[in-house]
């Protein structure tokens, strides 16, 4: 099997640094931007997140079907990075622009730009996420590739947490509307450049012909009959929902519960560093264990850490910082494993039915992710609206403070319990995955299919 170089790993990972600008901005900044800068109410924001994300999620399987049927001189997946980079940067910037419109006009503008943002993210991210299957066929190399991917994705998070807010202050000079727009201009342009770097440095080493007799209905029916795909999608929906609830509550937690808004940049920065190194250490720390068993134990560990943060008095700032750093390091050792699940399900489906559905599996995985994103974003907005959170109040009532703590610490733990249950039903252990990989390699060799394609690999 192909041994990946550092160029392969870093080149691929930089694509998720670019995607991370949008993902992390949506997770950590957009809720605050919409309520406190743009001027939306929390209730409208929550509804916008839900409706926009559900509409967008429907396009993910359609994108997957398109990817599975795309073959160009640049390969199957890489062309979408080339075509989508510039629209990606433009829409990212427009989402954080505050127009001088009426209240109704602003709502319409927010809906249009947010939907466009999620659509262009889908156009780039679905094929990007599906690429590991044609970069390498080795499960261990895929783990290493995903570790570097999420290390560099966390660099995108670091840019948001460590650079975005200072840029807002520097560019805006007290005007947050100008500041957010200017900061996202810088980050959007950087994202375009990084997507092009990813395009030129990655290689699709394996090619698969479009399989005869395929149809949308047949492909969807196959996946619906795949128990491991169903478990994977339910798992990812809960995992994403937990991330978004916690991430969406982060700035509120620092500003109101800890009562130190000036520490927001440091809180996000240190958390991003922990995220980076947790992802990078994943294959080294967990590679020696069965991935499913290790994942379950890690869920227990970070659930306990989250509950410790909940019971820690707000005045113990250093302890909260330390626990948050520990939480994010431990949590993110499992992030590469989440995406390995999708690659494993692709191989499992091929061994089960003979159909290789990289695009459809990863797009439906992203569909689950976006449903989780929609629910999580809506939960934050609706619950804050229910307890009468007001952005104009510098001091929040005790009920609001307690609710923010619950959103940050307790609601995610409930979802972690659901993730644990899903993993208890998941059967694609290391031994099973390696056996499937060997089986597929023998079958392809016998059929003369999917051998490394030097011409395709060299096509940049």
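Each residue, glycine too, has its Cβ placed from N, Cα and C.
These features come from Swiss-Prot:
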| type | residues | note |
| --- | --- | --- |
| TOPO_DOM | 1-9 | topological domain 'Cytoplasmic' |
| TOPO_DOM | 52-78 | topological domain 'Cytoplasmic' |
| TOPO_DOM | 100-106 | topological domain 'Periplasmic' |
| TOPO_DOM | 128-150 | topological domain 'Cytoplasmic' |
| TOPO_DOM | 172-179 | topological domain 'Periplasmic' |
| TOPO_DOM | 201-262 | topological domain 'Cytoplasmic' |
| TOPO_DOM | 284-308 | topological domain 'Periplasmic' |
| TOPO_DOM | 330-366 | topological domain 'Cytoplasmic' |
| TOPO_DOM | 388-405 | topological domain 'Periplasmic' |
| TOPO_DOM | 427-460 | topological domain 'Cytoplasmic' |
| TRANSMEM | 10-30 | transmembrane segment |
| TRANSMEM | 31-51 | transmembrane segment |
| TRANSMEM | 79-99 | transmembrane segment |
| TRANSMEM | 107-127 | transmembrane segment |
| TRANSMEM | 151-171 | transmembrane segment |
| TRANSMEM | 180-200 | transmembrane segment |
| TRANSMEM | 263-283 | transmembrane segment |
| TRANSMEM | 309-329 | transmembrane segment |
| TRANSMEM | 367-387 | transmembrane segment |
| TRANSMEM | 406-426 | transmembrane segment |
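The transmembrane segment (180-200) is not in contact with the transmembrane segment (263-283), judged by fewer than 3 CB-CB distances under 8 Å for residue pairs 6 or more apart in sequence. For the transmembrane segment (406-426), the list of distant contacts is 228, 231-232, 234-235, 238-239, 241-243, 245-246, 248-250, 252-253, 257, 292, 295-296, 299-300, 302-303, 306-307, 309-310, 341, 379-380, 383-384: same-chain residues at least six beyond its ends, Cβ to Cβ under 8 Å.
Sequence-remote contacts of a segment are chain residues at least 6 beyond its ends whose Cβ falls under 8 Å from one of its Cβ atoms, and for the topological domain 'Cytoplasmic' (52-78) they are 111, 114-115, 118-119, 122-123, 126-128, 130-131, 134, 199, 202, 204, 207-210, 214, 216, 219-220, 357-364, 366-367, 370-371, 373-374, 377, 456, 459-460. Long-range contacts of the topological domain 'Periplasmic' (388-405) within the same chain, counting only residues at least 6 positions beyond its ends with a Cβ under 8 Å from a Cβ of the stretch, are 35-36, 42, 249, 252-253, 256-257, 310. Tertiary neighbourhood of the topological domain 'Periplasmic' (172-179): same-chain residues 36-38, 98, selected by CB-CB distance under 8 Å and a gap of 6+ residues from either end.
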